[in-house]
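The structure appears right after this line, and notes come after that.
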Amino acid sequence: MLKFIQNNREATALLAIVCLFVFPGALDSQYLSVQTLTMVFSSAQILMLLAIGATMVMLTRNIDVSVGSTTGMCAVLLGVMLNAGYSLPVACLATLILGIVAGFFNGVLVAWLKIPAIVATLGTLGLYRGIMLLWTGGKWIEGLPAGLKQLSAPVFLGISAIGWFTLVLALLMAWLLAKTAFGRNFYATGDNLQGARQLGVRTEMVRIMAFSLNGGMAALAGIVFTSQIGFIPNQTGTGLEMKAIAACVLGGISLLGGSGTVIGAILGAYFLTQIDSVLVLLRIPAWWNDFIAGLVLLGVLVFDGRLRCALQRNLRRQKYARFISPPTPLQAEAKTHAQQNKNKEVA
């Protein structure tokens with residue numbers, strides 16, 4: 001059972017989503033609808049993109065806590081360029097490039113300058129957030145072109161063009177990680193850094209690529225965020241980094257690197273967003289969202305740690321079982337007599 005759960009974290013995440021869908025449905029039958037599924041998916045697109053990027057970084061046994069600030073900074077660039085008269089494709093391309101450059105800078109700090117990832121990205125979290133606020137003077141960006149919001153308008157089956165793009169991108173990244181040498185390098189780097197180097201994997205470049213892709217996903221998340229609400233607050237992206245990491249852990253991405261899938265991270269992001277919708281249904285105040293999300297994350301971390309320890313004990317037991325011969329019938333009988341004599345003495 002333990003091995004099944006460990007090897008099928010995506011299935012357990014999907015089961016959790018189904019349970020969280022059925023439970024509120026018992027309270028309100030209107031919740032059980034395709035419209036609810038598409039509504040939650042629409043709300044989850046930002047977190048899904050960030051979870052895809054976080055997966056790449058976490059697979060290499062690193063972590064990036066600057067993606068929220070990167071998302072905000074990229075959203076500001078998009079808004080500034082659109083208000084300056086640039087076309088939407090040009091503004092989106094520039095936004096994507098900025099995100100990749102920001103991620104590349106994080107990767108250089110970690111892979112080449114050997115700064116621990118948590119320390120480096122904590123620094124860039126403040127740096128990118130500061131650039132964003134200096135850029136806007138602390139003001140909101142409003143008056144964006146109406147064409148931007150069309151990206152989030154439903155086009156097929158209640159899902160927007162940018163929603164379909166997110167699904168296709170998730171499937172593409174899942175295929176790259178599972179079926180190509182490019183993807184296997186991420187797993188190898190996170191699972192055994194020295195071993196990967198001996199096999200010829202350019203581990204520094206793999207880690208820089210992971211952070212760069214993460215920055216690109218943060219830029220896409222900034223575009224989605226802006227298209228959904230039509231303006232850019234000065235706190236855009238705040239707190240998203242923790243939710244992205246939580247989504248990955250919920251979906252089975254190991255904090256120790258080398259294991260997990262993009263599909264699991266996507267399901268984790270959907271589950272976290274689904275919690276928010278259930279809280280709305282239950283009329284629980286919005287300020288409980290972060291508390292409950294944190295509680296769920298802690299619960300999953302504890303469960304993951306206990307599961308890992310149990311599996312390790314089971315593996316050790318199987319490994320050394322062949323060195324421990326079972327007792328002969330004579331030894332078993334002697335042990336039974338000794339136990340009976342001991343019980344008589346005690347009596």
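From the backbone N, Cα and C atoms, a Cβ is placed for every residue, glycine too.
These features come from Swiss-Prot:
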type: TRANSMEM; residues: 14-34; note: transmembrane segment
type: TRANSMEM; residues: 39-59; note: transmembrane segment
type: TRANSMEM; residues: 72-92; note: transmembrane segment
type: TRANSMEM; residues: 93-113; note: transmembrane segment
type: TRANSMEM; residues: 115-135; note: transmembrane segment
type: TRANSMEM; residues: 155-175; note: transmembrane segment
type: TRANSMEM; residues: 213-233; note: transmembrane segment
type: TRANSMEM; residues: 249-269; note: transmembrane segment
type: TRANSMEM; residues: 284-304; note: transmembrane segment
Contact call for the transmembrane segment (72-92) against the transmembrane segment (115-135), three or more Cβ pairs under 8 Å: yes
Beyond the flanks of the transmembrane segment (284-304) by at least 6 residues, Cβ under 8 Å: 239, 242-243, 246, 249-250, 254, 272, 275-276
Stretch of maximal Cβ-Cβ contact with the transmembrane segment (155-175) [cut-off: under 8 Å; candidates 39-59, 93-113, 115-135, 213-233, 249-269]: 39-59
Surrounding residues of the transmembrane segment (39-59) on its own chain - C-beta under 8 Å, 6+ positions past either end: 67, 71, 103, 117, 152, 159-160, 162-163, 166, 169-170, 173, 177, 186-187, 189-190, 209-211, 213-218, 220-221, 224-225, 228, 240-241, 243-245, 247-248, 251, 253-255, 257-262, 265-266, 268-270, 272-274, 276-277
Most Cβ pairs under 8 Å with the transmembrane segment (213-233), selected from 93-113, 115-135, 249-269: 93-113
